[in-house]
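Asks: One structure follows; several queries about it will come next.
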Amino acid sequence: MTRQTDLALTALAPAIWGSTYIVTTELLPPGHPLGMAMLRALPAGLLLILLLRQMPPRRWLGRIFLLGALNFTLFWGFLFLAAYRLPGGVAATLGAVQPLFVLFLSRALLGSATPPLAILAALAGIGGVGLLVLSPEAQLDPVGIAAGLGGAASMALGMVLSRRWTPPVSALTFTAWQLAAGGLLLLPLALWLEPPLPALDRGALLGLLWLGLAG
């Protein structure tokens, strides 16, 4: 039973994550990638901090804001921009480049070995995702492609640095701090760079609730 549960959770996680694209295009107001990323990150981060009741030590603030910027400010900002501008299949294929970035960044920053088999597996993963989700009618928007690759690179760097800096708390608490930091960095960017958010209808609220809690 435990093995079946683990397999189900392993399969469920990417399925929930992949729902970002359809939720963004079908339920959320268009033209607000930074605002949507902020509404996804900041409330979730603050709620978790309130529940966990643990604030970061001062000496960790710089690292937390850097990781929050990489894992949430940049990654989710780019993710929503790619979701707005690209078909879901194209965006998913670009996201599949992330393991390749992780391999090379781990070698550069951590001195980890980069076995040829791991590189081949990462390339095969990209090809597999492309075969599954790409269609001949897929449109390639340059801004969307740059956003997809930028998101994969920022998340990869955040993952590698998280491995380098062992946090003094649980993974959930560490994630809560990063969510709040990333959301706080997104807030002024969304206010400055994007038009005011329209009134959110029920569908948009449900979409944000889904992305914030399940995603």
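Cβ atoms are placed via backbone N, Cα and C, with glycine included.
From TrEMBL, for reference:
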type: DOMAIN; residues: 9-133; note: domain 'EamA'
type: TRANSMEM; residues: 34-52; note: transmembrane segment
type: TRANSMEM; residues: 64-84; note: transmembrane segment
type: TRANSMEM; residues: 90-110; note: transmembrane segment
type: TRANSMEM; residues: 117-136; note: transmembrane segment
type: TRANSMEM; residues: 142-162; note: transmembrane segment
type: TRANSMEM; residues: 174-193; note: transmembrane segment
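Looking at the shown structure, can you explain where the listed features end up?
Replies: Sequence-distant contacts of the transmembrane segment (142-162), counting only residues of its own chain at least 6 positions beyond either end whose CB sits under 8 Å from a CB of the stretch, comprise 63, 66-67, 70-71, 74-79, 81-82, 84-86, 90-91, 94-95, 97-99, 101-102, 105-106, 109-110, 174.
Listed as Cβ neighbours of the transmembrane segment (174-193) (distance under 8 Å, sequence separation of 6 or more from its ends, same chain) are residues 32, 34-35, 37-38, 41-46, 48-49, 52, 56, 60, 64-65, 67-69, 71-73, 76-77, 162, 167.
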Asks: What counts of helix, strand and coil residues does DSSP assign across the domain 'EamA' (9-133)?
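Replies: For that range the per-state counts are 106 helix, 0 strand, 19 coil.
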